[in-house]
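Engineer: The structure follows.
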Amino acid sequence: MGSKCSCCACHLCLFEYQTPVMLVISSKRLGFLFRLIELLIIAYVVVYVCWYQRAYQDQDSVISSVSTKVKGNILTNSSVEGVHVWDVSEYVIPPQGENSFFVLTNMIVTPGQTQSSCPEIPSEFTNCKSDSDCKEGFNEIRGNGVQTGRCVQYSDTIKTCEVMSWCPLENDTIIPKPALLSAAEDFTVLIKNNIQYPKFSFRKRNILHHINSTYLKNCTFNRKTDPHCPIFRLGDIVTEAGEDFSVIALKGGIIGIFIDWSCNLDFSEHFCIPKYSFSRLDNKNPENNVAPGNNFRYAKYYKNNESIETRTLIKGFGIRFDVMVFGKAGKFHIVPTIVNLGATLAFLSLVTAVCDWFMLTCMKDRDYAKHKFIHPDKKGDGVPLSSMESTSYGTP
Amino acid sequence: MGSKCSCCACHLCLFEYQTPVMLVISSKRLGFLFRLIELLIIAYVVVYVCWYQRAYQDQDSVISSVSTKVKGNILTNSSVEGVHVWDVSEYVIPPQGENSFFVLTNMIVTPGQTQSSCPEIPSEFTNCKSDSDCKEGFNEIRGNGVQTGRCVQYSDTIKTCEVMSWCPLENDTIIPKPALLSAAEDFTVLIKNNIQYPKFSFRKRNILHHINSTYLKNCTFNRKTDPHCPIFRLGDIVTEAGEDFSVIALKGGIIGIFIDWSCNLDFSEHFCIPKYSFSRLDNKNPENNVAPGNNFRYAKYYKNNESIETRTLIKGFGIRFDVMVFGKAGKFHIVPTIVNLGATLAFLSLVTAVCDWFMLTCMKDRDYAKHKFIHPDKKGDGVPLSSMESTSYGTP
Amino acid sequence: MGSKCSCCACHLCLFEYQTPVMLVISSKRLGFLFRLIELLIIAYVVVYVCWYQRAYQDQDSVISSVSTKVKGNILTNSSVEGVHVWDVSEYVIPPQGENSFFVLTNMIVTPGQTQSSCPEIPSEFTNCKSDSDCKEGFNEIRGNGVQTGRCVQYSDTIKTCEVMSWCPLENDTIIPKPALLSAAEDFTVLIKNNIQYPKFSFRKRNILHHINSTYLKNCTFNRKTDPHCPIFRLGDIVTEAGEDFSVIALKGGIIGIFIDWSCNLDFSEHFCIPKYSFSRLDNKNPENNVAPGNNFRYAKYYKNNESIETRTLIKGFGIRFDVMVFGKAGKFHIVPTIVNLGATLAFLSLVTAVCDWFMLTCMKDRDYAKHKFIHPDKKGDGVPLSSMESTSYGTP
């Protein structure tokens, strides 16, 4: 029988079917345990993996393009500049950003700077008593220029080292309070955002289909009444981020405008709509803060009648709004489905292991082990099962 | 026998091997069904998971650095500015972008603005009949300045509220047509792109090894003849994106330059080459469009002889090119291989379930159930299998 | 018995438990092989999947906001500009970047340009002998303006085509060496970086809790002594990137500042600290390099007494520092745990397959096949196992 069999292994391979022999035990306790664990695993798969985690979906990340347009004017009346109306091209710097825009809210203006020499701003590094305290050519990293080696009067009582630099130097110890452009709170910004999920050939923009031009001309975003209007009042953004505009306007800050495009593309695309949220990104905590807020210096250059270059230096404080578009779209796909179901199926094999252990340990009185385990080799060579089997149907 | 066995469980654990007892059924139908389903699953794993999805690979996302350099000059002859030659430092704004560059294509120039008062641009919000229609200090968000409270002549027939602002105001109702700098179509841009896949310590750039300097000085990207040339004609980019340059130049737009670095690093790095594609990112649909196109205002500031600041305001329309580098590299890794193969193996256990069901349901005449299932407890306590087994080889 | 059974299938389903009948083979070789392979797989799971790959964790990608502040002044003494002190608002262009900042290190200044006509810079495209070599209105893409059609003296020996452009033209063939602002090596930059892992509601910044203001005012990043100081000396960054500052300052380049926030959030957040690394992103290889380095042109515009616009054109070479924040945080989550464990469990079923093959092939002398495989159909219809079973306990 064995030799006959081996010569046609290939043939057998195709026309034979192997299935495990199962021991069926009629036990309410065991049966209940078995089905309970099975049910738990299946429920977990259905509820958690499929419904909650949507593990059956293939995912794609969003590709986005953003453009922004700020609107508004401010009239200021400062001692240095007089009456001045600020428009977009002055307070949005740079005029065009890719995913972020900066709105000037406060500033220290130093007009009429030229390349010359002047006394340093007093500090522990720059105060002096005589020329010997200053060093020609010395370039203090926290200073404002290159020292000439002379010690000169800064004010009636204070002497500081003279430096070559753009003079007069900016004195940024006193920040205007309230912020000069605190009325920027009422500015509005239109955010145009086009997204795509290339894997699913899906494109959409944040100006939804049902929105018409008349509505767009007059609406302002409001989480309750106008949740789909793409025009935001700066003050509302800052308030939703949990900040006070008049406070953040003083020293500046960074606010994140998050646009969440998470979508389940197994449903209609009408349900795929952007969700806006706002939060402050930089640290407002005053402790441990070097250079708190958000500011930078920029200058406007002029040439006067004698062709000498002068400049107006501006230390601008303001709010940088970073538009962050994120989101994942999911759509049914066979590979993640199989990977996740397969992994869960593998766990079903654990059920048998648990129940076997329960059966062999807790139901010892029935001695199921004798039925489950067959020991052909036990006690050597009595009447092996094989011979019995041979007897039974091996040799009819 | 039982007691003897329990005392050496550990010992047995190590030197015993458990394998399921299998029922072998010689049935062409069953065997064929069994092998067929097995074959389908294995074919699926090989073809789809391994070959198509490359699920055996570990993946990494690209890290990229981009720099761009536009070339070209344009001569314009407008009534406001006279003959003017535009070079890169004038029409690329800002002069350096990280992953995007903006090319000016059209503009409305308002020279000689100073801080003063002038009549508003006529609109439903600004037209007036007498001073009582205007409100001193009122700051209309869609207006161009802060009202002085007077109603003045804008033209012979129209009166509008006077505002304090940068005057004269810009009138942007008429956009130059054709676009002033529509010849920007012939500009070229060199895109230098260095990428790395840190997980695989892989670095490459879009100027490939086999490209020499002579070729680079004269080539222009062409999908058929020069697919690896990193110098692009702006007109070609816009055409490939499915747009008409003369149309997009009027009001501006956003064009995406996609560089796809998807690579299979199991092969030689010579096969890892960038693929370029282009598409319009903003919405060109004229309906429902507030602020269509892409424009922003910027100004050049001067001081005249009397040290009064004047400025030239420019509302610039143009095309923003966003360079988007993406791609995933895959390389064989043991963990995803095992996860995916394991999940598929788990599915093979389903085959037995299917075939068992077929065997027990459709082949009832052979009553395989009797062979497959052993019921030690059935009908109570006749001669249990255990005792039979004991007889057979338990007690020789 | 069969009919009785079928009527209560549902009932049986709940109160029956099926477990495979196992053949237990007492063989040291087989047992050892079995346990060895099992051990290997379990060891692999524990060590590699769990410990090394942390496959039991759910992952989230970092969301980051960066702001930078450069400090330092440089005194230059060039023949064109005379003594000049450069401050931040002059050498950082644009004044504010989102994730990158550019520091000017070298430049070619062309002052006093006006819109007029002048001879082209000599090159193979622009040299001429007579007016017939030049073409009015011709706009060479590699040229500097629009040709007027005249051939004029560029120098005593060379004649070139005249062009309309911003004249005099910039001659960028000679780059200042050493770099004008090579002292930028001593500048410092403060990098403020706030990150969040939204999935885990985790926020942190690169100024760590234990750092106080006094330390921050005086520290400079040093991998050994000050690894958590967020103030970096530009020279140190470039050196760590493996470059020579005086060389890269000549023609510019792009340096990546990588901040790695990879964290295991199963541990305390105190262990979640940023790791800094630096590397050059552009290609420094001089061969095959068109436009090596990193430069761009920008201009400062003036109006002279006669209201004619003049400009100072600057071709600025410099280093762009791209701050790249990356990292993944992991935290225990049940789904990836189950997927990965499940997949590995599935592999345990392979052990049986391997051992079975070993048993049936290499231990042929014991003929375990007889025990493992039961052939109910073999040799037709002797005494089938079923009948035997019926005898044994089917009919007591």
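Any Cβ shown, glycine's included, is placed from N, Cα and C.
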Engineer: For A:Cys219, what is the disulfide-bonded cysteine listed in TrEMBL, choosing from A:Cys229, A:Cys263?
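Structural biologist: Of the candidates A:Cys229, A:Cys263, the one TrEMBL pairs with A:Cys219 is A:Cys229.
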Engineer: Pick out which of A:Cys134, A:Cys167 TrEMBL lists as the disulfide partner of A:Cys161.
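Structural biologist: According to the record, the bonded cysteine is A:Cys134.
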Engineer: With reference to TrEMBL, specify which of the listed residues A:Cys128, A:Cys167 is paired with A:Cys151 by a disulfide.
Structural biologist: A:Cys128
Engineer: Which residues of the chain, 6 or more past the ends of the transmembrane segment (A:33-51), have a CB below 8 A from one of its CBs?
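Structural biologist: Non-local partners: 340-341, 344, 347-348, 351, 354-355, 358.
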Engineer: Can you name the recorded positions among A:Lys71, A:Cys118, A:Cys128, A:Cys161 whose Cβ is less than 8 Å from some Cβ in chain B?
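Structural biologist: Checking chain B against the recorded positions, the residues within range (Cβ-Cβ under 8 Å) are A:Lys71.
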Engineer: Could you tell me which of these disulfide-bonded residues, A:Cys161, A:Cys167, has the fewest other Cβ atoms within 10 Å of its Cβ?
Structural biologist: A:Cys167
Engineer: How long is the line from the C-alpha of A:Cys128 (disulfide bond) to the C-alpha of A:Cys272 (disulfide bond), rounded to the nearest angstrom?
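Structural biologist: Cα to Cα, A:Cys128 (disulfide bond) and A:Cys272 (disulfide bond) are separated by 66 Å.
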Engineer: Rounded to whole angstrom, what's the largest C-alpha distance between any two of A:Lys69, A:Val70, A:Lys71, A:Thr188, A:Asn295, A:Phe296, A:Arg297, A:Lys315, listed as binding ATP?
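Structural biologist: If we measure all Cα pairs in A:Lys69, A:Val70, A:Lys71, A:Thr188, A:Asn295, A:Phe296, A:Arg297, A:Lys315, the largest is 25 Å.
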Engineer: Return the single residue from the disulfide-bonded residues list (A:Cys134, A:Cys219) that has the minimum number of other CB atoms within 10 Å.
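Structural biologist: Selected from the disulfide-bonded residues A:Cys134, A:Cys219 on minimum Cβ neighbours within 10 Å: A:Cys219.
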Engineer: Under 8 Å Cβ to Cβ from A:Lys71 (ATP binding site), same chain, six or more residues apart: give me those in sequence order, or none if nothing qualifies.
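Structural biologist: In sequence order, the residues whose Cβ lies under 8 Å from that of A:Lys71 (ATP binding site) (at least 6 apart) are A:Val88, A:Phe187, A:Thr188, A:Val189, A:Leu190.
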Engineer: Around A:Lys315 (ATP binding site), how many other CB atoms lie within 10 A of its CB?
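Structural biologist: Its Cβ shell of radius 10 Å holds 17 other Cβ atoms.
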Engineer: Determine, using Cα-Cα distances only, which of these disulfide-bonded residues is closest to A:Val70 (ATP binding site): A:Cys118, A:Cys134, A:Cys263, A:Cys272.
Structural biologist: A:Cys272
